[in-house]
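Report on the following structure.
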Amino acid sequence: MSNSIDSQSIPTISPTDYTKFDPDTIHEKLDASLSRPQLNTDGSIRHFLGIEGLNKAQLRAIIAKAETFFDDKGQLINRPELEGYTVMNLFFEPSTRTRTTFEVAEKRLGANVLNIDIERSSTKKGESLRDTLWNLQAMTADIFVVRHSASGAAHFMATEVTPDIAIINGGDGWHAHPTQGMLDMLTIHREAPRPFEELSVAIVGDIKHSRVARSDISALQTLGVKDIRVCAPRTLLPKGIERFGVQVYENMNECVTDCDVIMGLRIQNERIGSPLLASSSEYYKHYGITPERMALAKPDAFVMHPGPMNRGVEIASSVADGAQSVILKQVNNGIAIRMAVLSLAMEGQRAHQAAGN
């Protein structure tokens, strides 16, 4: 099997081929070589596949759209912008927060919601993703929300679906988790006392295997954050991560000193092929987000985590449940961001069809 991907070959490659690539390089191969058909010619969203390729104005437009789903008291509101449309949730990987918040977002927008039971689907019987996709298209859904263990699966589906269907990436392998990245940006936008351009952000944990880290770093850079710090054992850092324009720290205390935002990441045990840590207790000792380390950050700093958390390994319970934690706010903000992305994707599809494409 070839170790290279080019945009000409995408329609004939199964997404399972992408899992052959090492997480050290998967982001480069996907972002440099894959066709990214996520924008219409007018710049509106046709599919939402990743943060890369979107500019600052487009990210700010998503944040601004999400803000419209909060009332004056900060409570989420319903708005039937997708009434009469059908959204199909295709989660080929287990999920609690992402799947549930997408479903809540879809229902708040008035959409008809179809949840496909993947455990009973034909993909479990050996059917290819392409054949599964073509059969699901016959159900006349307007939007597919896709989570898959193969990096590039959402891109693959975007090249295969009919023009009247939008694909939203709910997380693909090691590659990207764009709605998580955007809900993190919305959270920072709502909680930080300073604009993005003046923030120092520390990202701590399993960066090598984290699709969240890739999306967050890309979004932070696009929104103008100049001081992005990462800290993890060398075994959990992608090779050459410095090329992303981040500062790499080996010492956790130095990394979080004077930071505005500390973002913890889960250790991706299900994606790690062999042991990369001495022990959980050693990890917590050197890299855990503790009250003592939070005290090194700025007085108004806050902590974030995409979940699920490993308490006592990645983060102390007193921090996760403390006054500086915005972790539960992230969940609520996730509903607003997913409402925004769903609404903008449907607007983009209507614009695409109106243009006669």
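Cβ coordinates are placed from backbone N, Cα and C, and glycine is handled just like the others.
Here's what Swiss-Prot has on this protein:
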{"type": "COMPBIAS", "residues": "1-17", "note": "compositional bias 'Polar residues'"}
{"type": "REGION", "residues": "1-21", "note": "region 'Disordered'"}
{"type": "BINDING", "residues": "R97, T98, R147, H177, Q180, G307, P308", "note": "carbamoyl phosphate binding site"}
{"type": "BINDING", "residues": "K125, R211, R266", "note": "L-aspartate binding site"}
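Here the features listed in Swiss-Prot are painted onto the structure.
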residue	record	Cβ contacts under 8 Å, 6 or more apart
R97	carbamoyl phosphate binding site	P306, G307, P308, V331, G334
T98	carbamoyl phosphate binding site	F91, R147, G170, G171, H177, T179, Q180, G334
R211	L-aspartate binding site	S151, G171, D172, G173, W174, H175, A176, H177, Q180
R266	L-aspartate binding site	G205, D206, S210, H305, P306, G307, P308, M309, N310, E314
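Shown in sequence order, S95, T96, G171, V212, P306 are the same-chain residues outside R97, T98, R147, H177, Q180, G307, P308 whose Cβ sits within 8 Å of the Cβ centre of the carbamoyl phosphate site. Taking the binding-site residues G307, P308 in turn and counting surrounding C-beta atoms within 10 angstroms, the largest count is reached at G307. Secondary structure at R147 (carbamoyl phosphate binding site), taken from DSSP and collapsed to helix, strand or coil, is strand.
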